[in-house]
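Feature list (source: TrEMBL):
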{"type": "ACT_SITE", "residues": "K183", "note": "active site, proton acceptor"}
{"type": "BINDING", "residues": "F11, R30, K102, A134, R247, E268", "note": "NADPH binding site"}
{"type": "BINDING", "residues": "K102, G130, S132, K183, D236, S246, R247, N248", "note": "sn-glycerol 3-phosphate binding site"}
{"type": "DOMAIN", "residues": "2-154", "note": "domain 'Glycerol-3-phosphate dehydrogenase NAD-dependent N-terminal'"}
{"type": "DOMAIN", "residues": "172-307", "note": "domain 'Glycerol-3-phosphate dehydrogenase NAD-dependent C-terminal'"}
Amino acid sequence: MSIAVLGAGAFGTALAVSYAQKGPVTLWARDPDQADAMRQTRENTRRLPGVKLPENVSVTAETATAFTAETLLLAMPMQQMAGFLKAHAATLSAKTLVSCSKGIDLATGQGPTGLIRSLVPGSRAAVLTGPSFAADIARGLPTALTLACADHSEALQAELSTPTLRLYRTTDTTGAELGGALKNVYAIAAGTVIGAGLGDSARAALMTRSFAEMLRVALALGARAETLSGLSGFGDLVLTCTSEQSRNFRLGHALGSGAGFDPSITVEGVATAEALNALAKKHQIEIPVAAMVTALTQQKISVSEAMKILLARPLKEE
Ligand SMILES: NC(=O)C1=CN([C@@H]2O[C@H](COP(=O)(O)OP(=O)(O)OC[C@H]3O[C@@H](n4cnc5c(N)ncnc54)[C@H](OP(=O)(O)O)[C@@H]3O)[C@@H](O)[C@H]2O)C=CC1
Ligand SMILES: O=C(CO)COP(=O)(O)O
């Protein structure tokens with residue numbers, strides 16, 4: 001089997017570096033100048049500086065070259081995925097398309113597998129998700145992820161596992177992709193709490209109530225509870241809410257502390273919060289924490305107002 005990674009950001013580059021241990025990997029960058037620079041320097045200086053690209057990684061800006069692989073890993077920001085799939089639908093059918101992106105498409109409310117199934121009907125859709133920072137994967141640090149695919153995926157699991165990247169499989173694509181998408185929203189909340197100096201106890205409370213929200217949403221949308229308790233849900237929530245490596249956490253920290261934040265940094269939780277609010281409204285699910293994140297990121301509310309609203313909610317059973 002052969003692998004190509006579509007999207008040469010931090011995560012796509014890290015995955016290409018990791019899978020190059022097992023054989024040749026094609027890394028597709030949309031920008032020909034960036035592809036040239038990466039070929040010359042053997043480094044993605046903009047998105048993943050300090051990591052050498054192994055010889056087994058071929059960088060290209062030609063989709064025709066990348067699309068010769070059988071397994072294609074989609075590693076672009078979530079709001080870009082639908083456009084990419086629509087543009088290349090004809091050539092992508094009959095491929096295995098593994099989404100590595102975390103989010104909900106704002107226009108349709110779909111996750112990655114929903115988009116893949118509706119826009120590229122002949123393909124096979126899978127999701128690779130879980131607690132993993134690009135820099136850790138690229139350095140070969142031990143990591144465990146969830147591979148979700150509706151059909152039997154043992155062969156894909158073996159193909160995408162490495163000695164340091166251990167995959168657990170599930171058929172619950174809805175649960176896996178919702179866990180990965182929603183944890184980013186709550187990481188913004190956790191970062192806000194820490195940035196505003198509200199303390200570790202407040203963060204633990206918020207993470208716990210966030211997990212309750214994640215579970216409520218996921219169950220309402222047909223996911224299995226055990227998926228949310230696994231790597232793609234609980235595991236990634238813990239990582240992202242507790243590490244300053246997380247861009248979602250760092251955006252929240254900036255909101256909480258009043259610091260500035262570079263708008264060119266990919267922060268999936270902002271659009272996901274908006275998409276989540278629309279889904280929750282449609283399905284009548286209570287999401288008080290995520291609602292506050294949306295209001296905060298849209299500058300409709302201050303951090304102290306958000307805190308007061310959450311603490312003043314009616315007392316109830318856990
Ligand atoms: N970084 C991480 O640690 C992890 C990230 N992820 C997920 O991976 C996804 C990508 O994130 P990440 O790599 O970190 O983001 P980056 O910001 O590092 O890079 C985004 C990449 O996507 C490319 N891109 C943007 N728009 C398009 C498009 N229309 N078609 C093709 N490529 C496009 C960008 O190209 P250009 O430079 O030309 O703009 C860039 O190479 C996100 O969903 C994220 O949640 C998942 C796990 C870990
Ligand atoms: O998904 C991630 C870790 O699992 C990366 O998180 P950020 O996008 O917040 O950096």
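Note that Cβ sites are derived from N, Cα and C of the backbone, with glycine treated the same way.
Bear in mind that the values here come from a model prediction, so they are computed numbers and not experimental data.
Here the features listed in TrEMBL are painted onto the structure.
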residue: R30; record: NADPH binding site; contacts (Cβ under 8 Å, 6+ apart): G7, A8, A61
residue: K102; record: NADPH binding site; contacts (Cβ under 8 Å, 6+ apart): M78, T129, E177, G180, A181, K183, N184, E268, T272
residue: G130; record: sn-glycerol 3-phosphate binding site; contacts (Cβ under 8 Å, 6+ apart): T143, A144, L145, T146, G180, L231, S232, G235, D236
residue: S132; record: sn-glycerol 3-phosphate binding site; contacts (Cβ under 8 Å, 6+ apart): T143, L145, L239
residue: S246; record: sn-glycerol 3-phosphate binding site; contacts (Cβ under 8 Å, 6+ apart): F133, A187, G191, L239, T240
residue: R247; record: NADPH binding site; contacts (Cβ under 8 Å, 6+ apart): I265, T266, V267
residue: N248; record: sn-glycerol 3-phosphate binding site; contacts (Cβ under 8 Å, 6+ apart): N184, V185, A187, I188, G191, T240, V267, E268, G269
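Only S132, of the recorded positions F11, S132, A134, K183, place a Cβ under 6 Å from an atom of ligand 2. Checking the binding-site residues F11, R30, S246, R247 against ligand 1, the ones with a C-beta less than 6 Å from an atom of that molecule are F11, R30. As a summary of secondary structure, the domain 'Glycerol-3-phosphate dehydrogenase NAD-dependent C-terminal' (172-307) carries 102 helix, 0 strand, 34 coil according to DSSP.
Shown in sequence order, A75, C100, A134, I137 are the residues of the chain, 6+ apart in sequence, with a C-beta less than 8 angstroms from the C-beta of F11 (NADPH binding site). In this structure, the binding-site residues under consideration are D236, E268, and the one with the smallest number of other Cβ atoms within 10 Å of its Cβ is E268.
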